[in-house]
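S.K.: Per TrEMBL, the features are:
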type: TRANSMEM; residues: 20-52; note: transmembrane segment
type: TRANSMEM; residues: 73-93; note: transmembrane segment
type: TRANSMEM; residues: 105-126; note: transmembrane segment
type: TRANSMEM; residues: 138-158; note: transmembrane segment
type: TRANSMEM; residues: 188-209; note: transmembrane segment
type: TRANSMEM; residues: 230-249; note: transmembrane segment
type: TRANSMEM; residues: 255-275; note: transmembrane segment
type: TRANSMEM; residues: 282-302; note: transmembrane segment
type: TRANSMEM; residues: 322-345; note: transmembrane segment
type: TRANSMEM; residues: 374-393; note: transmembrane segment
Amino acid sequence: MDASVLLALRDPAGVPFYPIVFQILYVLTWALHAAFVLLALGSMGLSLYGSAKGRSDKHWSILTPHLIQTGKISISILIVLGVAPLLFTQVIYDPNWYVTNTLSGMWVFIFIYTLIVGYSMYYWYYYANRGQKSGSTLIGFISFGILVFAGILMHNFAVTSIMPNAWMNMYAPNGVVDTSGWTFNIDVIRLAFMVSLSIPVVGIFLQNYSRFLSTRKDFEASFISYTAKLGTNLAVMGLLISAALFVLWMLQIGYLFHLVSLATVVGVLVLLVMAKMNSNSYYTTLVLVVVALLISTMREVIRFDIMGKLGYNIYDYPVNLEIPTIVMFLGTFLIMGFVGVAYLLSMAWKVGKNEGVFDGSKDVMVSRLGKSTLYIMITWMAIYFVWGIGILFNNIL
Ligand code: HEM
């Protein structure tokens, strides 16, 4: 692939801010997306085991609905959080993203319907499981399979986008143009590594779950220790599988001794020790966040190098500074986003810690955060519309 072709595919308007900022935001937000993808797949997968067991086991009859609920919420969060890296990647790597969307156009359509059908069936599974109806496990399996398939499609887009040298051949194999949009590429080891991470993620989640509930008197001690042990086993076994697949992936692409790769291996080893000891799973989760960021960085290093070798450097992207856009974006992201998320998280934490009904209006911190979120959102909407309409009239009058 000639660099001039890649450069011609860039947005002629340039980027509105320094490319490195978009790159950092991409790494950060993809790690967030991945965290919820892995929690969704992990908790959903484990819930299938519990659902198949039925109500006979007293621990699983409590755990299964909680896992299903965790999966259900995680899917909605992963979808929202998937949009962010999508936007950042199409700002700095637009040639890659749009070429992929053209070559795999049919799969892009299918992806949307896959998500709709998979998530709707998940709700079916969720309601059926609440009523303990027979057949709910089968529905769960189908929904799980469909959502894993969505991940495989996502993987196809990611892999195709970093194969610029093969694009011409995918577009016109043997010189005959193929506009079907059925291009599909898969890198089995990379995909297996990504999906395998859902095992340690659900393991560490269970350790947190058991730690969180341990302060509540309405959960038996035997249930708390059962879930902690299950979490530890899953985390340790999963980390070993993921570590082996990561090393294989790095060997396959010749990156094993890259600094980021070595740091990831060290991070996984630290995680392994911490997960095995399980002295404080909240700290283990912090290390997990660092490892997720390292994996996200590794993905970006691979792409950056592939593109760099072809003469496409994102740091050379023409910058057309647009301060108002950036101020609006950062204001939304940092002020509205952080206060809103802090409100939701603090409420969720207190609801979970509380036995009986939790009244948020009587809690000083929760109600203060709630009111602030509301006022910030009203201000945000006023600024958004007044500013937007102002610019619109300014441009057309
Ligand atoms: C159940 C649904 C989903 C699953 C299981 C899933 C899973 C994945 C996986 C495994 C990857 C990594 C692929 C790789 O690097 O090999 C990925 C990447 C990504 N996903 Fe998702 N995803 C889902 C839904 C979404 C949605 C709805 C969006 C956007 C709205 C999204 C946006 C992205 C983006 C932007 C990337 C990075 C692509 C790149 O770097 O080229 N994902 N996803």
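Using the three backbone atoms N, Cα and C, a Cβ is placed for every residue, glycine included.
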S.K.: Flag the pair the transmembrane segment (188-209) / the transmembrane segment (105-126) as in contact if three or more Cβ pairs fall under 8 Å (sequence separation 6 or more).
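M.R.: No; fewer than 3 Cβ pairs under 8 Å.
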S.K.: Cβ pairs under 8 Å only, please: of the recorded stretches 105-126, 230-249, 374-393, which one is richest in them relative to the transmembrane segment (138-158)?
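M.R.: The listed stretch sharing the most Cβ pairs with the transmembrane segment (138-158) is 105-126.
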